[in-house]
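Scroll down for the structure; my scribbles are underneath it.
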């Protein structure tokens, strides 16, 4: 598979042939489920000119159906382009293909999609991760050069780690959220999934920057990262020792070898500890579900999306539309969020969660005052099997090493470093100071080149 960097040099005719080739391959590999049905039958001319980039089904592309992989949004056609799509088109790229996802980005396996599950290209019995599992599977399976996803608590980095590609979540506010179907507004961030670190920098440069359409967009100077990539920069890296030690034995051993390689290549390694991750999980799922319960209140059958046909009055329209339209996991999170925001529980749960979030952010900032980057696992294990019976709580633990990065609003990247005995991917996670994506990508490129060599 050619890289983004190579494809940007293609002629118009070569790009048209590339899109036809990708579309045919996607149809042939339909069983992977990386794309939802509406892409496979789409007239390729509507994608426009430019290097093709696959798009998660919660990012608005004018004229395309946008469903967030949910029954309740079937038939909704996006009336405008998200800011990231506008930026893509302005920088020589074109949206190409709707990627499958967990419904409303709530999940870690891409098994809750209305369209059916996505398979992991490395092993069809394993989950691709989530919620951007379709975006990761498309890149890892050679069905896309690169893709856009969204990351609320690890939804770009975790599937990238499970599928074996690079997953990069920029700092909160660095990439506009205008046109992203919201899950948790204070945590959501659009990110990129690519074949390598340089492509991640190129695609990030194309979509990043201040946007007046997004009130949470960071109005600070943005300097392109790809032209300034430097894999030879020697960095001070803080290894989160308790997280590495708590990971599965194969993941732990692979990360310890990676740390030794970083030392051997001249990077300074120091060891730090973070809080027990149970505090991250508690704070995250209170804040995220609280915000989700309000964000998803707009899906009521009145303005857009699918309305229940089994209605006699206004109350039945609301109740039946939402009961029939939302999947089980989405309902669970709406109920949890409504509960923690309710009278009598707001102070006991939501306010405490916000205090915990501030404490988590301060701990990261304390470590990064003295270090360039943080190193830790992306996931505690490699990709698990679909038939593994996991309770909702066990599933939430899949994001145990990624959610705190969103709570702190920092940038993070997942880089493949090894394979386990079954050939499944193991990745390392690097984390940077807020808005210091250049250092993050430099460190990731250094790590990637070490592994390849």
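Including glycine, each Cβ sits where the backbone N, Cα and C put it.
Sequence annotations record features per position, and here Swiss-Prot assigns active site, charge relay system to 56, 131 based on sequence analysis. The active site, acyl-ester intermediate annotation in Swiss-Prot covers 155.
Features per Swiss-Prot, on structure.
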residue : record                               : CB count, 10 Å
56      : active site, charge relay system     : 31
131     : active site, charge relay system     : 35
155     : active site, acyl-ester intermediate : 37
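In the three-state DSSP scheme, residue 56 (active site, charge relay system) falls into the strand class. Calculated from their C-alpha atoms, the gap between residue 131 (active site, charge relay system) and residue 155 (active site, acyl-ester intermediate) amounts to 5 Å. In the three-state DSSP reading, residue 155 (active site, acyl-ester intermediate) counts as coil. According to its DSSP assignment, residue 131 (active site, charge relay system) is coil.
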